[in-house]
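Pulled from TrEMBL, these are the features on record:
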type: DOMAIN; residues: 9-177; note: domain 'CSC1/OSCA1-like N-terminal transmembrane'
type: DOMAIN; residues: 198-359; note: domain 'CSC1/OSCA1-like cytosolic'
type: DOMAIN; residues: 370-642; note: domain 'CSC1/OSCA1-like 7TM region'
type: TRANSMEM; residues: 6-28; note: transmembrane segment
type: TRANSMEM; residues: 101-125; note: transmembrane segment
type: TRANSMEM; residues: 156-175; note: transmembrane segment
type: TRANSMEM; residues: 372-396; note: transmembrane segment
type: TRANSMEM; residues: 420-443; note: transmembrane segment
type: TRANSMEM; residues: 464-483; note: transmembrane segment
type: TRANSMEM; residues: 569-594; note: transmembrane segment
Amino acid sequence: MATLKDIGFAAAINLLSAFAFLVAFAILRLQPVNDRVYFPKWYRKGVRSSPTRSGAFVNKFVNLDCRTYLRFLNWMPDALKMPESELIEHAGLDSVVHIRIYLFGLKVLVPLAVLAFVVLVPVNWTGQTLERIKNLTFSDIDKLSISNVPAGSKRLYAHIAMFYLFTLWTCYVLHEEYKKIAAMRLRFIASENRRPDQFTVLVRNIPPDPDESVSEHVEHFFCVNHPDQYLTHQVVYNANKLAELVAKKKSLQNWLTYYKNKYERKSTKPTTKTGFWGLWGTQVDAIDYYTAEIEKLTEEENKERARVINDPKCIIPAAFVSFKSRWGAAVCAQTQQSSNPTIWLTEWAPEPCDIHWDNLSIPYVDLTIRRLLMGVAFFFLTFFFIIPIAFVQSLANIEGIQKVLPFLKPLIDKQSVKSIIQGFLPGIALKIFLSVLPMILMTMSKIEGFTSLSSLERRSAGKFYLFILVNMFIGNIITGTALQQLKAFLNQPPTEIPKIIGVSIPMRATFFITYIMVDGWAGIAAEILRLVPLVIYHLKNTFLVKTDQDRDEAMNPGYLQFATSEPRIQFYFLLGFVYAVVTPILLPFIIVFFSFSYMVFRHQVINVYNQMYESGAAFWPDVHRRFIMNVVVSQLLMMGLLSTKNAEISTPLLIPLPILTIWFHVYCKGRFQSAFVTFPLQDAMVKDTLERATEPNLNMRNYIKDAYVHPVFKAGELERPLVVDEEENHPLVQTKRTCRMNSKRESDVNSDTDS
């Protein structure tokens with residue numbers, strides 16, 4: 001078990017390493033050769049270009065202006081200067097609300113830390129209980145926890161009162177944040193420029209019709225049921241194979257451009273080998289080879305495109321339906337279209353760059369089965385993962401290492417080595433063990449069939465949060481406590497074991513402190529240093545970059561990944577709220593993490609990240625729900641902890657807390673959530689009216705026609721269904737089926753006349 005000295009030693013090393021990372025970042029970002037790595041967002045916006053230096057050749061790579069190094073930490077205040085309204089316009093509402101989660105953590109935890117250190121730390125320190133328990137392993141840091149308070153003591157009333165105060169303050173801040181973000185979203189939608197998804201609805205589970213194709217059936221249905229608002233539609237094709245061919249052709253064209261540029265520079269025809277990456281095989285003329293390969297692939301691509309367009313089996317019973325106004329799209333997206341609630345299912349279409357095209361080809365009936373299977377798989381992944389975590393925790397301590405590797409005992413017995421192991425090893429071991437988990441959870445979400453990148457990230461974030469709650473928090477407390485207090489368990493009667501667990505759970509704060517320093521402090525410092533993207537960029541730029549397109553791709557700014565960062569925020573908030581009453585010494589470490597993260601991610605959002613999509617902070621209700629879950633979990637743990645300390649009156653006093661917290665969540669959901677799931681018809685009508693007044697000649701059909709075409713079709717021909725314009729203004733719209741029947745009757749009459 002880590003002592004106060006071990007924690008201090010680890011904290012000093014982490015602070016020094018974080019400071020070293022910051023100094024390295026402040027110096028590296030000033031070098032012209034690294035400009036595309038640390039300011040890629042401005043390059044993507046076209047505001048910034050590669051810096052040019054006059055004078056010596058070395059100036060193109062190294063900044064020799066000594067005056068700039070005197071201001072190398074100016075990025076910190078600069079990251080906080082940009083006003084929030086300007087930041088929304090620059091980076092989008094999703095990015096701004098995401099970094100506000102860190103600010104929310106500070107608003108809650110800083111007052112909690114002040115009150116806890118003023119009231120609870122003196123109460124815990126003077127309890128003098130741990131010394132009286134035989135065979136119990138503890139350190140000086142545990143004397144600051146509730147474990148040091150005697151069972152049944154009146155001191156526990158201080159913890160109950162503070163817990164009530166902490167809960168009320170958290171709910172108040174959470175209510176104000178929900179209210180403000182809901183208002184920000186409504187303002188964002190009202191002031192936002194025109195986008196295709198404001199006029200478009202995704203229709204799923206279109207029923208089959210023996211007399212009409214999917215495209216005809218969609219047009220027929222919406223011409224009849226939305227005659228004044230329906231504009232056009234785009235059916236969904238299963239074009240996944242075609243997409244692979246298009247991507248392969250793009251790669252070949254990039255190689256061809258590279259060799260043509262090389263030929264222009266050297267005036268000698270370049271050669272390549274036909275094997276993998278030109279490493280082996282027959283040596284041929286590179287330009288002729290790639291030209292021939294592109295021609296073959298183009299022919300294959302055209303055949304596949306024609307097959308997809310003409311084969312009815314490639315058309316999925318889903319379509320993007322566009323309307324003449326936002327009001328018409330809102331009515332369709334937010335109402336039931338048929339008496340059968342399982343068909344003609346409508347929802348707001350994602351914005352085009354948010355669509356995950358691969359999943360649109362999944363039949364709707366398969367989604368329920370897929371999600372059931374992934375739910376079962378996630379259950380086993382979550383609950384059986386406790387076993388390897390317990391094994392890792394058993395090895396990530398002095399006793400475990402000495403048992404497995406006894407020959408290291410002389411080295412481990414040295415105080416400096418022992419401090420490093422106790423202060424770093426548990427957190428590092430768990431960090432490495434969980435590094436691949438986000439990729440697994442994202443793959444599971446893709447298998448479930450969600451059709452937008454934002455929904456995939458929200459789903460993965462939910463899974464990651466539950467996994468962290470079960471394994472890294474609850475499972476870690478149980479396994480860590482059992483391993484640390486194994487001797488006490490064996491030497492005490494069974495009736496005393498719950499009390500030992502109740503005393504020992506607060507002692508896991510030392511492990512969580514080491515994890516926060518390793519995963520939090522060091523992780524954020526590595527985030528802003530961008531060492532891995534820096535190395536990858538220079539390696540690609542040296543060996544792989546062939547064209548300007550390659551250089552832009554090598555720059556790879558990345559984006560703010562909600563699926564991994566938000567669950568980590570929730571985990572730290574959970575630790576802070578649970579241990580605010582139990583072991584307050586944990587709070588300063590979490591506050592440092594939130595403060596550091598807020599500043600760093602604000603800088604990254606301004607200069608680095610290029611957000612892939614914009615959902616208008618649609619994820620906030622999920623964030624709010626997880627905050628509520630954190631509060632309720634902490635309340636239940638507090639009730640269980642006090643019950644082991646013979647505080648009989650504590651349970652009746654604490655029972656109202658989870659009830660009131662859940663009621664508060666229901667209130668917030670009813671009061672604010674509609675702003676995140678619906679588009680008010682009044683606001684839609686206002687925007688439509690203003691748009692008609694300011695742009696009376698806007699051709700909405702031309703604006704919307706290519707927005708929801710699959711990217712692989714945008715370079716080729718795609719037959720589109722035509723709306724019969726002369727029927728649009730009729731009060732009774734003729735359907736295509738009626739037109740076909742009339743045509744048949746007319747042909748029959750003509751044949752009878754001729755005969």
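A Cβ is built for glycine as well, from the same backbone N, Cα and C atoms used for every other residue.
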The transmembrane segment (101-125): which same-chain residues, six or more beyond its ends, come within Cβ distance under 8 Å?
143-146, 148-149, 155, 158-159, 162, 165-166, 169-170, 173-174, 177, 566, 569, 572-573, 576-577, 580-581, 584-585, 587-588, 590-591, 594-595, 597-598, 601, 623
Would you kindly list the residues that approach the transmembrane segment (156-175) from elsewhere in its chain, counting only those six or more residues past its ends and only Cβ-Cβ distances under 8 Å?
104, 107-108, 111-112, 115-116, 119-120, 123, 146, 149, 577, 580-581, 624, 627-628, 631, 635, 638, 642, 645, 647, 650, 653-654, 657, 660-661, 664, 668
Against which stretches of its own chain does the transmembrane segment (569-594) lie, if we need a Cβ under 8 Å and a gap of at least six residues from its ends?
11, 101-103, 105-106, 108-110, 112-113, 116-117, 120-121, 124, 141-142, 144-146, 159, 162-163, 166, 170, 465, 468-469, 472-473, 505-506, 509, 512-513, 516-517, 520-521, 524, 623, 626-627, 630-631, 633-634, 637-638, 641
Mind looking up the mean pLDDT for the domain 'CSC1/OSCA1-like 7TM region' (370-642) in the predicted model?
77
